[in-house]
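If you look up TrEMBL, you'll see 19-88 marked as domain 'MlaB-like STAS'. The transmembrane segment annotation in TrEMBL covers 126-144, 164-186, 198-217, 256-284, 305-326, 346-365.
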Amino acid sequence: MSAAGTATLRHGQDGDVVVAAGDWTIAAAPVLAAEVAALARRHGRSLRVDASGIARLDTSGARLLLDLAGERGVDGLDATRRALVDAVAEADVAVKGPPPADGGLVALLARTGAAAEQVARDASQLLGFIGLVLATLARCLFVPRRWRLTSLAFHLEQTGLDAVPIVVLLNFLVGAVVAFLGATVLKDFGATVFTVELIGYSFLREFGVLLTAILIAGRSGSAFTAQIGSMKSREEIDAIRTLGLDPVEVLVLPRLLALLVALPALAFIAMLSGIVGGALVCALSMDISPTMFVTRFHDLAATRHFWVGMSKAPIFAFLIASIGCLEGFKVSGSAESVGTHTTSSVVQSIFVAILVDALAAIFYMEIDV
């Protein structure tokens with residue numbers, strides 16, 4: 001009959017040693033676990049364990065020995081039992097989760113650093129992807145047989161025609177709001193008539209193209225990411241490569257070219273609808289007739305402001321399409337990844353659009369345009 005497992009503390013000149021004897025198996029585990037817990041409570045530190053007296057040992061006993069010995073290790077094991085204990089220790093390391101996160105200032109600094117590193121990584125990837133897209137565009141531009149006109153027409157309809165109603169409605173309402181707010185402020189100075197200049201200047205230079213870019217980033221940029229990401233998760237992009245085709249040429253260029261055509265056209269429509277919304281408010285609440293509105297609008301040198309605004313539209317289109325497609329290629333394969341990168345695409349596109357708009361405003365102000 002096998003002896004029951006025991007764990008006895010022995011005091012010696014070299015320090016305290018726990019002498020393990022008997023059967024350290026799953027059958028004796030409840031009793032041994034209580035003894036190990038009692039020793040740990042009394043001493044509160046890892047103890048040296050002498051396991052030379054153990055008769056039988058399985059994984060449960062090996063786990064208890066490791067709990068008792070901690071980093072001090074277990075002595076007195078033959079090669080077979082040493083291999084068993086080492087295997088249990090390795091398995092324990094493999095299943096351990098990440099260490100608990102630091103709280104307070106350390107956690108804040110760590111998250112800030114990780115976010116800054118991610119921003120730098122995303123910027124580097126975007127620059128590389130833009131270079132790849134430009135190289136592919138240069139390779140295909142003068143080879144008409146490589147133009148994918150059917151795909152281009154499809155994406156023109158999706159990004160351009162289908163977006164007209166929401167662009168018109170949003171800019172019409174914003175134009176009306178700008179007119180109301182401008183009139184409210186200017187009325188105190190007896191300069192209500194300058195609401196016309198406010199509407200024309202703001203929509204021709206800023207609001208028309210910027211609001212359109214934000215709408216397109218949320219509508220078309222996210223669609224590009226979701227479409228390419230879904231293809232990535234279904235391994236369709238791998239199939240395209242297997243056929244000897246370039247995914248950038250097949251998937252990115254039609255979307256990019258469609259947006260390069262659609263966004264300037266939508267920006268022009270947005271400018272018109274915003275100005276019409278402002279003119280309607282001026283006519284209904286400020287006694288500024290349409291004729292007077294058009295006359296003052298013409299005196300604004302509207303052509304110059306119009307081209308300032310329109311010059312930003314192709315840049316917005318290129319960046320939004322590039323970010324949307326790049327985030328689609330980053331999808332790892334799961335539905336969760338598609339959602340994560342779609343959200344990232346919208347956030348990055350809107351941020352980049354506002355950043356470029358701010359830089360353009362500073363540039364045109366410095367050159368007095």
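Cβ coordinates come from backbone N, Cα and C, glycine included.
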Go through 126-144, 164-186, 198-217, 346-365 and flag the stretch with the largest number of C-beta pairs under 8 Å relative to the transmembrane segment (256-284).
164-186
Secondary structure composition of the domain 'MlaB-like STAS' (19-88) [DSSP: H/G/I, E/B, coil]:
42 helix, 18 strand, 10 coil
Determine which residues of the chain contact the transmembrane segment (346-365) at the Cβ level, with the cut-off under 8 Å and only residues 6 or more beyond its ends counted.
122, 205-206, 209-210, 213-214, 217-218, 221-222, 308, 311-312, 315-316, 319-320, 323-324, 327
